[in-house]
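Everything on this sheet refers to the single structure shown next.
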Amino acid sequence: MKIDKIHQLFLQCHSACTDTRTIVKNAMFFALKGPNFNGNAYAESAIKNGAAYAIIDDKTYNTSPQTILVKDVLETLQALATFHRTYLNIPIIALTGSNGKTTTKELINAVLSRKYNTSATLGNLNNHIGVPLTLLSMDKNTEIGIVEMGANHLKEIAFLCTIAKPDYGYITNFGKAHLEGFGSVEGVILGKSEMYSHLIKNNKTIFINANDSIQIKRTIKANTFSFGNTHSSSNIKIDFISALPYVKCLYNNKEIHSQLIGDYNFNNIAAAIAIGNYFKVDDTSIKTAIENYTPTNNRSQIILKGTNQIILDAYNANPTSMQAALLNLEKQSGSKTAILGDMFELGAGAATEHQRIIDLATSLNIDRLIFIGENFNRSKIDSKKAMKFKSFIDFKKYFDPSLMNDTTFLVKGSRGMALERIIALFNVA
Ligand code: ATP
Ligand code: MG
């Protein structure tokens, strides 16, 4: 079946879905295949659970008038999203970067939704499946779309841009993340800059942080709208006031008091203010939107347990965000403990990067350091204030939060380390 025909059927459905457990009535189900599953086998149950159609690519499952057999389900999902994006004909803002994409996306969405009917990536659905699903979640009522794009290798962002065809783009930063696939920070810069190339080629607009020299250098030939701390170098001026305990900034004579911690969140907030300004959201609405936003999902959340304060940043970690989080912890007052878990996907650089974090952490004004994971455990630690554990289970045997009071904890590690499990240990105390 041709893609325009599938699109006509899709418009009669309420949504696109790839998981029978979350299927909603009248959805179009895409029977994707993975290393451990074959979605085709679920087509029948998807229809039983209310799906209007199931897109499949294995003819043995073509058993119902509601199944649509195609050559490749993933390619069809991507082609349908591309077709739908053109049909929508709305401004799309794309976001990528090594750190802070989801936070910035949510802040931008909070700001723009004060004036527009927006639709943004749900959670972290930012890859070759998530981006198509995000686009398919938008409809003719959507006035602005905000799409997060993630990548762990070259050409990925270029590919996602051919699907989402963004009119605007913002790269949060170029850091040490997914080095396994990108090879080096230069690889990260090249990979993320694929978004700039797409926007420049199509004469679109790039939002830039005028204080970031890489962003400036890579957008010399582009239409840009910039934010920074001076009027002379940027379109709008946003000043950093403080990050203690939460990020505060000044924009158009208004102080904005966010509920986000860490200097690094200043750039994320500033980007959202700048984009709000560009789309003519009034200053009071921008301020209210930023001030009301609270992070979720273990991203720089503050949790109070008795007299202890936990900065729960266990959602993910890489060398850049680990460094930013440690520098932020150092600035806190009182007793400080960092509990850090391994950083994944660092390829051949894993040993060096873990050692660097240990060396940085031990040099900072932090009272106690706990390193968990096989990589940290293999590293050299030469400091009385530090301990290392091979696994979370080993750490758990040792850790007794009832002995700790009036302390600020930073809890951070890669997703696979699931360090949010530490919160339950505090509950027992
Ligand atoms: P993912 O690659 O998993 O999608 P992401 O880029 O969407 O991550 P967020 O989920 O917004 O990033 O933030 C994850 C963590 O990255 C935060 O909790 C914080 O530790 C760190 N972080 C956020 N913004 C920045 C930034 N601008 N610079 C450095 N680190 C940041
Ligand atoms: Mg994300």
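Keep in mind that glycine also has a Cβ here, set from the backbone N, Cα and C atoms.
A TrEMBL annotation is a machine prediction, not a hand-curated record.
Positions annotated as ATP binding site by TrEMBL: Gly97, Ser98, Asn99, Gly100, Lys101, Thr102, Thr103. Of all Cβ atoms in the protein chains displayed, 26 besides its own lie within 10 Å of the Cβ of Ser98 (ATP binding site).
Under the heading domain 'Mur ligase N-terminal catalytic', TrEMBL lists 14-60.
Among the features that TrEMBL reports, domain 'Mur ligase central' is placed at 96-275.
Feature annotation from TrEMBL assigns domain 'Mur ligase C-terminal' to 299-380. Across the domain 'Mur ligase C-terminal' (299-380), DSSP assigns 35 helix, 23 strand, 24 coil.
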To see if you understand the setup: which same-chain residues, six or more apart in sequence, place their Cβ under 8 Å from that of Thr102 (ATP binding site)? Thr121, Gly123, Asn124, Asn126, Glu148, Arg299
Take the Cβ of Gly100 (ATP binding site) and count every other Cβ within 10 Å, whichever protein chain it belongs to. 24
Could you check which of the binding-site residues Asn99, Gly100, Lys101, Thr102, Thr103 have their CB within less than 6 A of ligand 2? Lys101, Thr102
Around the recorded ATP site (Gly97, Ser98, Asn99, Gly100, Lys101, Thr102, Thr103), other residues with Cβ within 8 Å of the Cβ centre, ordered by sequence, are Leu95, Thr104, Thr172, Asn173, Asn268
Can you tell me the mean pLDDT for the domain 'Mur ligase C-terminal' (299-380)? 94
Tell me the residue counts in helix, strand and coil for the domain 'Mur ligase N-terminal catalytic' (14-60), as DSSP assigns them. 15 helix, 13 strand, 19 coil
Around the Cβ of Asn99 (ATP binding site), other Cβ atoms within 10 Å, all chains included, total 23
